[in-house]
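Peer 1: I have a structure I would like to understand better, so I am pasting it below and will then ask my questions one at a time.
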Amino acid sequence: MSEKKRGLLGRLFGAKEDAPAPAPAGDEAEATAAPEVEATALEQDDQPGEAAAMVPSPRQDEGAPQPKQSWLKRLRSGLSRSSSALTGGISAIFTKRKLDADTLEELEDILIQADLGVETAMAITGRLAQGRYDKEISVEDVRTILAEEVEKVLEPTARPLEIDLAKKPHVILVVGVNGTGKTTTIGKLSAKFAAEGRKVMLAAGDTFRAAAVEQLKIWGARTGAEVIARDTGADAAGLVFDAMKEAADKGVDVLLIDTAGRLQNRAELMAELEKVVRVIRKYDAEAPHSVLLTLDATTGQNAMNQVEIFGKTAGVTGLVMTKLDGTARGGILVAIAARHKMPVHFIGVGEGVDDLEPFTARDFARAIAEIDA
Ligand SMILES: Nc1nc2c(ncn2[C@@H]2O[C@H](COP(=O)(O)OP(=O)(O)OP(=O)(O)O)[C@@H](O)[C@H]2O)c(=O)[nH]1
């Protein structure tokens, strides 16, 4: 890939990681690693067996009802890199020290490095300073205030994805930069809807990569959903047209449509998405009923740019943040909530089918501040 192309894509959509290899902890390590990762990922060709490798095997307990505690545990362990960066920093600053201008500034730096955003960082330090200046403050008190302020920012955005069963089908278009987790999220959602007794169909609208189509077929087989697919390179809008017709004919409750993220530039990507939406509307003027944007938390601030670009041009109705388990900068979700105020429906903390759950502000805030449940 040329420098020019890499630079353009980098500016438009940011870095990505195809494989969720554990990134080095810390802000600097991630920031310096990003351009390399992006170039490799965008140049990667499909390899035999790639699709199977990208769909993790079911766990032993898959399919069994998961008690809430189990998700909270996964959430906490998934967010542990982000939470330990924050709480480790807080302990280092506040153990046996008074609250003064220096400690507040050090805390602000840590919060900004964790990608919480300047606004939230200042709200937290501002609240801490009230009535506590020149006094000792416990590490637990700082963490409690952190959790409360983060919850305040997140609360208005934590909204469930509502499925209108009067629509047959309720059409969900999933968009986002390649590698952000579109296909995996569709697989996980398919499992959820199927568990609720819904008839689900998947459309493999990412016709660019054979592996993406195969990956979706594997998820379809695993979750009992029919998959509408065509050969690599086929017209995505044509495939979606077929899928809309089949879904309506077969009385499908939820149609999940995968889309390509790997296009040469933003204009091309958006033109294809617009074409797909036009075709969907031919069948149902109100569809797509939901347009979900997947964001890869490991890309930090780039995720913010992606909300801007896709939000303006693709009619995004809600967000899914994936790979919160792969970064120390999960605080980016807080910065996005503060800036964009767009509904966040789900968060992903792993590759497994049960590693995606509806987003709840309180659970996330307490997990990131390591406050006991
Ligand atoms: N650790 C972790 N990995 C995830 C998560 N969600 C997705 N992944 C992994 O991220 C990689 C990319 O996910 P995909 O679902 O293929 O992403 P995509 O957006 O469909 O990518 P393209 O098909 O290339 O457009 C896969 O290896 C997934 O298993 C998550 O929440 N945590």
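In case you wondered, yes, glycine gets a Cβ from its N, Cα and C as well.
According to TrEMBL, the record shows the following:
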{"type": "REGION", "residues": "1-69", "note": "region 'Disordered'"}
{"type": "COMPBIAS", "residues": "31-42", "note": "compositional bias 'Low complexity'"}
{"type": "BINDING", "residues": "176-183, 258-262, 322-325", "note": "GTP binding site"}
{"type": "DOMAIN", "residues": "343-356", "note": "domain 'SRP54-type proteins GTP-binding'"}
Peer 1: Please list the binding-site residues from Gly179, Lys182, Thr259 whose Cβ falls under 6 Å of any atom in ligand 1.
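Peer 2: The ones that qualify, in sequence order, are Gly179, Lys182.
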Peer 1: Among all protein chains shown, how many Cβ atoms are found within 10 Å of the Cβ of Leu324 (GTP binding site), not counting that one?
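Peer 2: Excluding its own Cβ, the number within 10 Å is 26.
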Peer 1: Which residues of the same chain, at least 6 positions away in sequence, have a Cβ lying under 8 Å from the Cβ of Gly176 (GTP binding site)?
Peer 2: Lys182, Gly261, Leu293, Thr294, Leu295, Gln306, Phe310
Peer 1: Is it possible to list how many residues within the domain 'SRP54-type proteins GTP-binding' (343-356) are helical, extended or coil according to DSSP?
Peer 2: 0 helix, 6 strand, 8 coil
Peer 1: How many neighbouring Cβ atoms, not counting its own, are there within 10 Å of the Cβ of Lys182 (GTP binding site)?
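Peer 2: Its Cβ has 29 other Cβ atoms within 10 Å.
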Peer 1: If you average per-residue pLDDT over the domain 'SRP54-type proteins GTP-binding' (343-356), what number do you get?
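Peer 2: Summarising the domain 'SRP54-type proteins GTP-binding' (343-356) by its mean pLDDT gives 94.
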Peer 1: Counting every protein chain present, what is the number of Cβ atoms, excluding its own, within 10 Å of the Cβ of Thr259 (GTP binding site)?
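Peer 2: Counting Cβ neighbours of Thr259 (GTP binding site) within 10 Å gives 27.
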